[in-house]
Amino acid sequence: MVDIVVTGLSANSVPYLVALDQQRAIHAAVVAGRAPDTLLLLEHPSVYTAGRRTEPGERPADGTEVLDVDRGGKITWHGPGQLVGYPILRLAEPIDVVGYVRRLEGILIGVLADLGVDGERVAGRSGVWLRGTDKIAAIGIRVSQGVTMHGFALNCSNSFEAYDQIVACGIADAGVTSISRELGRRVTPEDVVPLISARFARLTEVAA
């Protein structure tokens with residue numbers, strides 16, 4: 001069973017570094033057996049974060065601050081209208097990192113289907129896509145001592161201007177979209193939390 005914690009949405013969004021400290025504390029507790037598997041759900045104020053594989057040319061050309069973090073993947077943006085999820089889970093042995101990422105993608109594809117949006121995987125590219133070209137959810141994780149950190153970002157009702165300054169996820173020929181854009185109506189992170197929570201509640205087979 002996964003303990004689902006909504007730490008801050010909308011006006012109560014959580015600064016990225018505050019959430020990172022929360023992740024690290026829970027990660028240490030899960031590793032030590034003092035806490036259950038946990039999913040943090042939240043929004044961040046606008047921020048760019050860069051994974052370990054980010055290239056210099058993928059960063060904002062105007063010198064906007066970027067936080068370098070210890071996850072996989074490249075540069076991305078977080079901000080209002082985007083639901084961020086940090087699953088902190090003990091993975092079953094033998095640990096299959098790629099398989100775990102595929103499971104996260106499957107959960108997000110299922111949530112999108114619940115809303116009437118046809119998400120899909122694209123070979124060679126992580127995350128969830130529409131039409132093979134427009135990314136609606138980014139995934140970047142880290143596994144340490146058999147326990148996951150970082151996670152996913154699902155575009156719900158966010159704007160897109162921040163993406164114009166970067167090569168999002170290091171993919172120059174890809175676009176971005178959101179649930180609200182696809183459905184032609186406003187769908188907020190608050191609207192999506194129950195759907196994410198329901199699907200993560202069934203994620204028992206990933207953890208030990």
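Placed from the backbone N, Cα and C atoms, the Cβ positions cover glycine too.
Pulled from TrEMBL:
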{"type": "DOMAIN", "residues": "33-208", "note": "domain 'BPL/LPL catalytic'"}
{"type": "BINDING", "residues": "R71, G72, G73, K74, I75, T76, W77, H78, A138, I139, G140, G151, F152, A153", "note": "substrate binding site"}
{"type": "SITE", "residues": "K135", "note": "site 'Lowers pKa of active site Cys'"}
{"type": "ACT_SITE", "residues": "C169", "note": "active site, acyl-thioester intermediate"}
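Annotated features, which come from TrEMBL, shown on the structure.
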residue	record	Cβ neighbours (10 Å)
R71	substrate binding site	19
G73	substrate binding site	23
I75	substrate binding site	24
W77	substrate binding site	26
K135	site 'Lowers pKa of active site Cys'	24
A138	substrate binding site	25
G140	substrate binding site	25
F152	substrate binding site	23
Checklist entry - Does DSSP give F152 (substrate binding site) helix, strand or coil? => result strand
Checklist outcome for this item: On average, residues of the domain 'BPL/LPL catalytic' (33-208) score a pLDDT of 90
Checklist outcome for this item: Cα-Cα, G73 (substrate binding site) versus K135 (site 'Lowers pKa of active site Cys'), nearest Å, comes out at 14
Next on the checklist: When DSSP is mapped onto helix/strand/coil, what comes out for G73 (substrate binding site)?
Outcome noted: coil
Checklist outcome for this item: Cα of R71 (substrate binding site) to Cα of K135 (site 'Lowers pKa of active site Cys'), in Å and rounded, measures 19
Item to check | In three-state DSSP terms, the structure that G140 (substrate binding site) belongs to | outcome: strand
